[in-house]
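According to Swiss-Prot, the protein has these features:
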{"type": "MOD_RES", "residues": "Lys73", "note": "N6-acetyllysine"}
{"type": "BINDING", "residues": "Gln135, Cys136, Gln137, Ser267, Tyr268, Gly269, Gly270, Met271, Glu272, Arg564, Met565, Lys566", "note": "peptide binding site"}
{"type": "BINDING", "residues": "His296, His300, Glu319", "note": "Zn(2+) binding site"}
{"type": "ACT_SITE", "residues": "Glu297", "note": "active site, proton acceptor"}
{"type": "MOD_RES", "residues": "Lys337", "note": "N6-acetyllysine"}
{"type": "SITE", "residues": "Tyr379", "note": "site 'Covalently modified during suicide inhibition by leukotrienes'"}
{"type": "ACT_SITE", "residues": "Tyr384", "note": "active site, proton donor"}
{"type": "MOD_RES", "residues": "Lys414", "note": "N6-acetyllysine"}
{"type": "MOD_RES", "residues": "Ser416", "note": "phosphoserine"}
{"type": "MOD_RES", "residues": "Lys573", "note": "N6-acetyllysine"}
Amino acid sequence: MPEVVDTCSLASPATVCRTKHLHLRCSVDFTRRALTGVAALTIQSQEDNLRSLILDTKDLTIEKVVINGQEVKYALGEKQSYKGSPMEISLPIALSKNQEVVIEISFETSPKSSALQWLTPEQTSGKEHPYLFSQCQAIHCRAFLPCQDTPSVKLTYTAEVSVPKELVALMSAIRDGEAPDPADPSRKIYKFSQKVPIPCYLIALVVGALESRKIGPRTLVWSEKEQVDKSAYEFSETESMLKIAEDLGGPYVWGQYDRLVLPPSFSYGGMENPCLTFVTPTLLAGDKSLSNVIAHEISHTWTGNLVTNKTWDHFWLNEGHTVYLERHICGRLFGEKFRHFHALGGWGELQNTVKTLGETQAFTKLVVDLTDTDPDVAYSSVPYEKGFALLFHLEQLLGGPEVFLGFLKAYVEKFSYKSITTDDWKNFLFSHFKDKVDILNQVDWDAWLYSPGLPPIKPNYDMTLTNACIALSQRWITAKEKDLNTFSATDLKDLSSHQVNEFLAQVLQRAPLPLGHVKRMQEVYNCNAINNSEIRFRWLRLCIQSKWEEAIPLALKMATEQGRMKFTRPLFKDLAAFDKSHDQAIQTYHAHKASMHPVTAMLVGKDLKVE
């Protein structure tokens, strides 16, 4: 088979050379919004007579490159939009196969680095200190430091980070001590060590006025002090989830499992940075009801971080398996009917995405072709939910959950510490179920893996918990004006917050509702008072799509006071599509753009067609 090419990276591929280790020494400068330092990369040649190699960089200033104490020649190529600039380094002596070299690169990041968000004190909860966090997935590590920015290469790392002494630095690694900075008494150096090889998109850094609370034998929760106790309460189920995940996936090899609650501008629900999962504060519902995101990030420990997609074309391997594990964890905690309820909710999300993107759109394929496509632009629920649907369908074909979990555990064991493609996964599936090949051959693999739109087959779902949501949503969708007085607050009294959310998701699929219906819904259910972010998001979308002008300020507020793209992008799109809020949406975007995460700002700008 021909070697798989990572079209998202400009660096020498893993067949030419591989980064084995990074030692990072850097200083965080909040005034200049820059990281300045040295990345010492241990690189192993994969071929004989290697005379030069190429690394990924993006908006980095390179001061010098040193090998064995001697400065060496390097050349930065032209910037190629989202891919950045290739950096070619000439080696002083040719390397033979398996020979290693340590390349020390002195670099500085740009204030507009797409990997970093610099927050002013006003953008934090404490309002006193600045804050910095990184988000390298998918291809932003190159805007943090020079690297082979591809998930096909895995490396260990150590780091020493100098920060103002009143702040705390954390990384996706084990904390390895702190000491005053000998070069500057107003600063402190934090040390880190990650002994498990990881793809560089999992390198992460945060610096802020952080505090921690212990919530389990291997877990601290970190945040600004204003959120730390609330976070400790919200995530108290972490250890029981970790234990279930170990039962399903195998031993937890990373030592510590800490969690960081970020400021509201963080773009994702969570990011599975090893030893330190990053999560959005929109999970702080007050009742632990959004803990499925926690189960998701815990599951990534095995599927994503141990077994990794070789290129971003195969992103579904990371996300589909992780959603599958996440739902099993929740099923173990809350029952099999709950697992099916969330699985069916996920099918609904997939339907929405396919409808939004279009059923022939290439990004609705499970395996995508990202040649000349920024992975951030291709990002959607498809790799998560179409991936999950395939695994759920296979579970039902091959003998049920226990049988398929046996496959999953074997899959993790087989491919741990490796990066793989869909073909590797499929070949292993066929060898694991060699006595059921006739069943596997009945699967329409081409339709599932390589065709756009919804999957060829919808799995079977237990409807127990979903039926009440469908029944209530149907009452609203079919109600005439004269029926509106038949609704009352008691409609929701037997529904969990998960079911209220699903009820709104069902109504939203049929939006718009007549304006009188939405006003009546507010009257009887007081939806505006609900703080659960998932429910609030769907409620406000329903209001805007049904053209309720009074909801405009509430929707603008939610779109801007947090930056989780799952919420912010659809809210802005809905506001821009409503004539009464179109101009305001664009004005609000321009007013907030400078304080938004760089990736969020770019994608919302594209959505609004102003960038």
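Heads up, the Cβ atoms here are built off N, Cα and C, so glycines get one too.
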Requested in this report: Taking the residues Gln135, Cys136, Gln137, Ser267, Tyr268, Gly269, Gly270, Met271, Glu272, Arg564, Met565, Lys566, which the record names as binding peptide, find the longest CA to CA distance and state it in Å to the nearest whole number.
Outcome: 18
Query - Rounded Cα separation (Å) that holds between Glu297 (active site, proton acceptor) and Glu319 (Zn(2+) binding site) - result: 10
Query - From recorded positions His300, Glu319, Lys414, Ser416, the one whose Cα lies nearest the residue listed as 'active site, proton donor' - result: Glu319
Query raised in the report: Which of the recorded positions Lys73, His296, Lys337, Tyr379, Lys573 has its Cα closest in space to the Cα of Gln137 (peptide binding site)?
Result: Tyr379
Query raised in the report: Gln137 (peptide binding site) has how many other Cβ neighbours within 10 Å of its own Cβ?
Result: 25
Query - Pairwise CA distance, Gly270 (peptide binding site) versus His296 (Zn(2+) binding site), rounded so that it is a whole Å - result: 8
Query - Those modified residues of Lys73, Lys414, Lys573 having Cα within 10 angstroms of His296 (Zn(2+) binding site) - result: none
Query raised in the report: Given the Zn(2+) site residues His296, His300, Glu319, which other residues of that chain have a Cβ within 8 Å of the mean position of their Cβ atoms, reported in sequence order?
Result: Gly270, Glu272, Glu297, Ser299, Thr303, Gly304, Asn318, Thr322, Val323, Leu325, Glu326, Tyr384
Report summary line: Around the Cβ of Glu272 (peptide binding site), other Cβ atoms within 10 Å, all chains included, total 24
Query - recorded positions listed as Lys73, His296, Lys337, Lys414, Lys573, least Cβ neighbours within 10 Å - result: Lys73
**Report entry** Sparsest Cβ surroundings (other CB atoms within 10 Å) among the recorded positions Tyr268, Tyr379, Tyr384
**Finding:** Tyr379
**Report entry** Met565 (peptide binding site) versus recorded positions Glu319, Lys414, Lys573 - nearest by Cα
**Finding:** Lys573
Requested in this report: Compute the C-alpha separation of Tyr268 (peptide binding site) from Lys337 (N6-acetyllysine), stating it in Å without decimals.
Outcome: 27
Report task. Can you figure out which of Glu272, Lys337, Lys573 (the recorded positions) comes closest in space to the residue listed as 'phosphoserine', comparing Cα atoms? Result -> Glu272
Report task. Determine, to the nearest whole angstrom, how far the Cα atom of Gln135 (peptide binding site) is from the Cα atom of Lys337 (N6-acetyllysine). Result -> 35
Report task. Could you say whether, by DSSP, Gly270 (peptide binding site) belongs to a helix, a strand or a coil region? Result -> strand
